[in-house]
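Quick look at what Swiss-Prot lists:
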type: BINDING; residues: A197, T198, G199, T200, G201, K202, T203; note: ATP binding site
type: COMPBIAS; residues: 578-588; note: compositional bias 'Acidic residues'
type: DOMAIN; residues: 183-343; note: domain 'Helicase ATP-binding'
type: DOMAIN; residues: 412-575; note: domain 'Helicase C-terminal'
type: REGION; residues: 578-608; note: region 'Disordered'
Amino acid sequence: MAELNLSNLTEADIITKCVMPAILNAGWDNTTQIRQEVKLRDGKVIVRGKVAARRTVKSADIVLYHKPGIPLAVIEAKANKHEIGKGMQQGIEYARLLDVPFVFATNGDGFIFRDATAAEGECLEKQITLDDFPSPAELWQKFCLWKGYTQAQLPVITQDYYDDGSGKSPRYYQLQAINKTIEAVSNGQNRVLLVMATGTGKTYTAFQIIWRLWKSKNKKRILFLADRNILVDQTKNNDFQPFGTAMTKVSGRTIDPAYEIHLALYQAITGPEEDQKAFKQVAPDFFDLIVIDECHRGSASEDSAWREILDYFSSATQIGLTATPKETHEVSSTDYFGDPVYVYSLKEGIEDGFLAPYKVVRVDIDVDLQGWRPTKGQTDLNGEVIDDRIYNQKDFDRTMVIDERTELVARTITDYLKRTNPMDKTIVFCNDIDHAERMRRALVNLNPEQVKKNDKYVMKITGDDEIGKAQLDNFINPKKPYPVIATTSELMTTGVDAKTCKLVVLDQNIQSMTKFKQIIGRGTRIDERYGKLWFTILDFKKATELFADERFDGIPEKVMDTTPEDIADPESDFEEKLEEISEHDEEQVTGVDEPPAPPYQVTDTDDVGPLPEEDEKKIRKFHVNGVAVGVIAQRVQYYDADGKLVTESFKDYTRKTLLKEYASLDDFTRKWQDADRKEAIIHELEQQGIIWEVLAEEVGKDLDPFDMLCHVVYGQPPLTRKERAENVRKRNYFTKYSEAAQAVLDNLLDKYADAGVQEIESIQVLKLKPFDSMGTLPEIIKTGFGDRNGYNQALSELENEIYQLPPRSA
């Protein structure tokens, strides 16, 4: 290896010729302990207008494992022309994601070895030779000491993950969640809390935890508890399928001791009457592990019926899963379970590209903001005298029903879907079952053509409606087009895996941060096969003002206040404002104040909000019609990368982004002219969130990326591609070339004018018309330019001529 000339080797060559031999010689197994090009993130989805694109992410060059699922070290390699430690910082970031203490950086000359387990006084980073790469046993021993594992823990900690043979492996955060939970349980911790954002695979994570504890014989009888039938069925039929005949779903209020894995609804094993408490059929020590799904909903509450199950099996290890731990005076997830062993937030999920970003459209209705007061002695549709007071947003569809308001909301939803796609899966969150039924009826009446095609276009899916509940599986199935619109109150707030939901409508009073996060979670799942990369929230009840709460950890891409008329009117500028962001001069407006909070306090309780379905009939509700319901003015707002509410056009975003990189026009043009391929700069700026199609729509001209940036960022007069091509011809620039070369360059200039610089930078353009009539690609190059270098030089000079800037006055 010492005789190998490294100086001209690429990064890939360094890995193949230097790194892999060093690792293998140290005793690492290529099948089970070494993975190359490990992609840890998916790449954040950037939404600009109607275009969504993923940000390109790098992969860890090599990750070393004790065994699959237990990572130990990260190796980052660079070409030999770089300094030996060039990849260290990149490697440290990957190590943080994987929670490993060892990082190796190399350029082929040796390794810089970063050892976070080093004792005080020892070097954290040191250089070692290729021959001194540590063995698997050496790193595992250091790792175990760093983690503080005992001998008794090791059989549990090293238990294999379930492998279905498909190559599917847990994502980095799932690995951390699983491994940290296993560590805690094997160390004797009996109450464990795991917090993972909706849509990040909590159930799959729970399966791997249970599988490893069960297979290692650490836990023999396991109870998985949920409070929705669909959650139990989804779990049994999907992630938990490998348990096979060892698993059962508790039914008939009977716990069968013949099974080891029991899946149960809380309601199926307990109730207010003693004979309903099926959990008492077995001894208190029957289960040694209980996993509680969506544990924020009651298991941590001392007076909850669910809590008596946990208290009865108090000797069992209890693991709580939730996206939203609940912390109020009455209920505390952390008081019961302790601090989370791991947290993966909505914000992290969106940043990593595992969850969908979203836009917000706020619709303000005049009676909501200004209130409505009955005339003296006015009666409602049932002949009841209406209490004389001002009814406002908190009252509507709770204690006061105004038919015109319901119809306006339904019409706005319909108009929005017509502008986007009438077949986009939509969930409408209503205040109660009665509201959900009225909303269903209003939407049916406003969509006769769609309902004629399929009478399940709109369905009410609530706890009281067996027909509606029977359609829930079809609604969440991406392959089933119907139902399209689901109106609901409580049933679909949690646990419903609606991957293709593209529109979430809020016509519900939501003051609970817990519930708000759960509802937002209905849309955050990504399904690229069906084109679902982002979604929209249509908010009629100011629920999205909870974004301003410091406890909310996943800011929206954009927020827009609008009117039903703007959504309905095809001639309005609603789409432009939503998709392109209305322009404001940057110096004039850099931010706006958050709108005033509603006249009630945001808490983390559900005291005011949608009614529990069993309590609806206890509330006195007035029902009126004939009320004039109108709209108010609109405003457009967006959240920036730091979560601050600003008013900014996409031009402003582009300006800020470019000025960070290139402070002056000279800096930018120098970089542009010096680049061998302009496409590289175009691609680099795309990675920073600049989407050319959207910028072109805002600028409104057929401009080259170079001109768009010079115009928008530096105030230069814009030239179209055709104008630039004509300017080159006017300068008689071609005369220094042979006739054959002039013909090629003249046609390249036409190609540039038609399609842009990226088109002419590909050598394959010479295979297209009209070049194909001039000969084969090698013939064209040889006849006109001598060789490939001559052609590249001529192309570079042509680009310099194209992008020549006019002289500027001092």
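Note that Cβ sites are derived from N, Cα and C of the backbone, with glycine treated the same way.
Neighbours of the ATP site: apart from A197, T198, G199, T200, G201, K202, T203, residues of the same chain with C-beta atoms within 8 angstroms of the site's C-beta centroid are M196, T205, A323, G521.
By the criterion of other Cβ atoms within 10 Å of the residue's own Cβ, the least surrounded of the binding-site residues T198, T200, T203 is T203. In the predicted model, residues of the domain 'Helicase ATP-binding' (183-343) average a pLDDT of 86. DSSP assigns K202 (ATP binding site) to a helix in the three-state reduction. In three-state terms derived from DSSP, A197 (ATP binding site) belongs to neither a helical nor a strand segment and is classed as coil.
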